[in-house]
């Protein structure tokens, strides 16, 4: 009896390892985000050959119908997984940041803004992409506008820059994330926000997805909490 009680007292329940599924979802979002930008570039019309000619822009776009479908798929998949990572990031930062701190909420909000930009950026695809098989049905100027839309709105990743800066501050001031991740987030976040706030705002589409991929990999592979 004494031996049994002793064994019961010394036994300790195993602590459940926190799931990192949210971080791996962020990895998927980062990869898909980069793919979305590349697909958007593939849909761009040849500006030198079509400048000022809406009919030429329509004809060029019609030759890239498959690229528009690929772009749509990547953009929608990205916007669906970003909020999952955003929720996980908020929870992760809230666990370590001081009570009442806004770092987690700001980080999540910036990512949700990015997802919203992707939703808008892919919002005209059904209206136009299918119809490119019959370009004669379109007003050329409308199709020309669509090519501009897919080449610009999905690049509005400035919200991810805001998230990166929030993560950086939570890391460097409160130790809420690995320090290397805080420094990396600060650098990429500032670049993304400066680009997004400048007339070169679409350049944020290059750095925003890269930060998302790096940050999510950091939490998935290198975070010990």
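Backbone N, Cα and C define each Cβ position, glycine as well.
For 21-41 (among others), the entry in TrEMBL reads transmembrane segment.
Marked as transmembrane segment by TrEMBL: 67-89 (among others). Listed as Cβ neighbours of the transmembrane segment (67-89) (distance under 8 Å, sequence separation of 6 or more from its ends, same chain) are residues 21-23, 25-26, 28-29, 32-33, 35-36, 39-40, 42-43, 61, 104, 107-109, 111-112, 114-116, 118-119, 121-122, 125, 128-129, 132, 150, 154, 163, 167, 212, 215-216, 219.
Nonlocal intrachain contacts for the transmembrane segment (101-120), taken as residues 6+ away from its ends with a CB within less than 8 angstroms of a stretch CB, comprise 36, 75-76, 78-79, 82-83, 85-87, 89-94, 153-154, 156-164, 166-167, 169-170, 174, 176, 208, 212. For 101-120 (among others), the entry in TrEMBL reads transmembrane segment.
Feature annotation from TrEMBL assigns transmembrane segment to 155-172 (among others).
Residues or ranges marked as transmembrane segment by TrEMBL: 179-197 (among others).
Taken from TrEMBL, the feature transmembrane segment applies to 203-222 (among others).
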